[in-house]
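Record features (TrEMBL):
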- A:21-249: domain 'MacB-like periplasmic core' (DOMAIN)
- A:306-424: domain 'ABC3 transporter permease C-terminal' (DOMAIN)
- A:451-649: domain 'MacB-like periplasmic core' (DOMAIN)
- A:686-795: domain 'ABC3 transporter permease C-terminal' (DOMAIN)
- A:20-41: transmembrane segment (TRANSMEM)
- A:304-326: transmembrane segment (TRANSMEM)
- A:347-373: transmembrane segment (TRANSMEM)
- A:393-419: transmembrane segment (TRANSMEM)
- A:440-463: transmembrane segment (TRANSMEM)
- A:680-702: transmembrane segment (TRANSMEM)
- A:735-754: transmembrane segment (TRANSMEM)
- A:769-789: transmembrane segment (TRANSMEM)
Amino acid sequence: MFKLNLKIALRNLFRNKVYAAINIGGLALGLTAFLFILLYINHEESYDKWSTDLKNVYQVRERHSFSTPDNLEHWQESNNSRVANLLKERIPQIEVITKIDKVWSFSDGTAVKIEHADPVMIRDIRDADHHFFHVFPYKFLRGDEQTALEKPNSIVLKEAIALKLFGSLNVLGKQVKTLVWQGDEGNSLIVTGVVAAPSTPETVAFNAITRTGNKDNDPENPGTTNYCQIYAKITDNSDTTKLNKLVQNVYVAFKKKTFAGKDVGFEEYYKDKSKSPGLKLVSLQTVHGNPALTVNWLEKVKPIIAISIFLLLISIINFVNLATAQSVKRAKEVGVKKVLGSYKKQLIIQFLLESALQSVVALFFSVILIEVLLPSFNSYFNVNLSFWHNAQLFVLIIQLIGLFLLVTLLAGFYPAWILSNYNPVSVLKGNYENGLKGIFLRNALVIFQFVISVTFMISIGVMQLQTDYINHKDLGFDKSKVINIKSSYDENFASKIRRIAGVQYVGTTTQVLGNAFNFNAPIDYEGKKIDINSVTVTMEALPALGVKVVKGRIFSPQYKADTLTSAVLNESAAQLLGKDVIGKHFSQNSGKAILQIVGVIKDYHNEGFDKAVLPTMYKITKLGSSSNTNNMLVRFSSENSEQILEKIAREWRLAYPNYPMQYAALNDSFEKILEENKRFINMIVLFSVVSIALSLLGLFALSTFMAKRRTKEIAIRKILGASNLQLMNMLNRSFLLLVLMANFISWPIAFILTRKWLAGFAYRIDMPIWPFLIATVLSVAIAIFTVSLQARKAAVSNSVNSLKYE
Amino acid sequence: MIELKNIEKYYANKGVKSYILRHVTTSIKQGEFVSIMGPSGAGKSTLLNILGMLEEATYGEYHFMGEDVTAMNERKRIELYRNHIGFVFQAYHLIDEMTVAENIEAPLLYKKIPGAERKSRIADVLDRFNMVAKKDLFPNQLSGGQQQLVGIARALVAQPSIILADEPTGNLQSAQSEQIMDLFRKLNQEENITILQVTHSEKNAQFGNRILTIEDGVIKEDVSVSK
């Protein structure tokens, strides 16, 4: 029986190739979108699962005691380094405890210099105490965890980094020098181990672990605190609730002791209970899912998960739609089989089997699609997902089987039910087109699909217009021919660069695209207190940026007062102050500094377009010669940037031989700001293409069904003298209505969604009407085209054939 | 074998009952070859459908092999299909996706007959109907008469005690018709299979041994055919 049913299924698929291809292709598309998300979720879920020992590893978190925007309780990862010793001494369940640096998000990494080679920047080099590898059971390829960090001034490399730096794993005993910033004296470290990369991602990610000795001891002065992350390995089967209670008590007692001899008592100081001292252990394996102080990954990708589930559902709905539309063809088989003595259950199983066959093929295709698309997906979303080389391939396969069963049931059950319900008498008599009761459902599904597609189309249009607007917006400064060297400004170095031919200006400011730090400092102006952003710059910073002067002048060495009492405003600030501000004075720091306004410049963008340019006052930095802005702007006067850069790099090497030069062209910084937005738009484009494709398949199915249902009507009308065109019009009319209705529904939805999206931009276009009109015209046009494919076939077919048999 | 008592079938339409069958009372014994005749719309097919349990009578009693059909559940009915009743249709109703051999095999599968016996039975039937060469063809590759032969072969292979045939030769030419009727007569006489056929043709009716004539839902005549 099974064999025969399988044969029938295969024969049916081959006989209706187009239908089978559409059915399977649609399902494969939906499954692919879903599988990507599944892989991503698996990846995120797999953090810190690379060793069973990690079950006993806990992160120490302290209650965040500063105010937070949402006023909720938060726990932070950085701790007072003294806590490590405290816990180790007082809590017997803790086997080992280790302290490690936190990674700063703005850092470019650490410079690593080997002998006389040029220094290279490497991210995630973290300093720890010597217990690190006792807590985290990394596999040592060279050296071992007992001796690796035994002595200070040692470094353990990850496999990939060892290969990158030395080209070999035999690196024990080699010397490297690490520098955290350009003026750092650095640490000379000896390589004492190489560890293998674990099979799953890690929360405590590192490229190298150093033991410089900084983490070994706590500061002697009780007033000084070192902050670090603390991880503890506890004994097997510890009761964590009890343990956490103990941890909390130990910590409160410790905090109380620090109040001895102070004016304020402990109770009084911590009146606000939500800010009172708190300490707890968090299982390492849950840390990635519940990061401290930031939104977890699930929250971030929730909309995408929703959309991909949505797409899968649409493709399943399509499958159902197509299968029920196709079922008329199978009605006779059902009738005959019932009369021959088949149970309904047997029929349902047969048709479920056919769905299973199709979904297994679809799954197969989507796995191929995943394999093909995964590299671009990875590079695009900056992840490292893999299908076959997956640490949890077994879990993945179980998931795939589950997904297969789910899809088969969802997609196959309704058609199977409909089919097996055919009444043999009416089927065998020939009038089995009792599809009218399902037609409402199918129409509703088509409207639903088109609402989604049209909404997507409109959104793309609006987003495209907004992106165009941003790309062509006047930034208020000239972003070409400027580079920003990541370095504090040093007058000596700056003057050396200035001497290079082709360098026009060298300056520094805290306010530049890619690295802006805005500081609010109120001023007193004509008796009013005005909130204004204050930025200190060097003499050449504004010309280096190429800002546009609106009124007055910008700083110039010709005026002695400029370094002391002159200020330049941007237009937003000038507007706040009122008319004719040039030459007027204002005071800062409650009258301690009096400044005169010498000029007004056009607002220039220094942050993303989601933020408005702040009203800003610019003054020359008092420090003059050096300032720690981490921005050094260099404007070139000629196009010949390669050569000039080479010369600047040469000067850099002379000044800072152990630290590589890091720089970015402002053009690139600008691109980077747009990148996230671009990525989002591309994703929406991708989703909409898939959803539109699926909707068209749905429409195609429904029109096929309709055309078939009305074959006889068409034949009779033809005999009565209807032209092919008239027949096509007739068939198109009902679908046109559906698509127009879908448009009607999606206009307000798209309007609300895109307005919300636009609201995220401080600089945005007015809501345009064109995307709405174009989406409607386009959706109607492609719908007519799709329906006409079927309608034409029905209209042109020979009417005699449809009327011959009853 | 079949006992009908006061069978009625009507459709209520806006309170008005339109009768298809009225007061149909008759009995059919094992081994009879009955032809049901009458003008279009007289209720012949409905009667056959009721006898084949494809439709239910609105009123009346129906006993099939001593069992009350009106009280029968679906499972029991399907058992009867599998073991006792063979259907032959005017439009043949072969399954288009299955070959001749597979079409004939289908009822045996539902009867859960083991593979070896299935094979021998199919071979047997094919041989008897002289269709061995055509066993791997699909229905649309056969002529109408050949298709109907397959249809009858399919009805026979499960060894039913009764064959219900709704105008089995309605779509066939007269030569083919005669062949099918001959076959029915042979089956009836040699294997004692009860045959019930609906037909328009006086000539076909003569192959049987009893003719029921229905007009406007009522049995008008019930005569034996004199040989």
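Don't overthink the numbers, they just go from 1 along the chain as shown.
Yeah, the Cβs are placed from backbone N, Cα and C, and that goes for glycine too.
Any TrEMBL annotation is an automated prediction that lacks curation.
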Model confidence over the domain 'ABC3 transporter permease C-terminal' (A:306-424) (mean pLDDT, whole number): 85
Long-range neighbours of the transmembrane segment (A:735-754), counting only residues six or more past its ends (CB under 8 A): 443, 446-455, 458-459, 462-463, 699, 702-703, 706, 767, 772, 775-776, 779-780, 783-784, 787
Range from A:21-249, A:451-649, A:686-795 with the greatest count of C-beta pairs under 8 A to the domain 'ABC3 transporter permease C-terminal' (A:306-424): A:21-249
Summary of DSSP states over the domain 'ABC3 transporter permease C-terminal' (A:306-424), given as helix, strand and coil counts: 102 helix, 0 strand, 17 coil
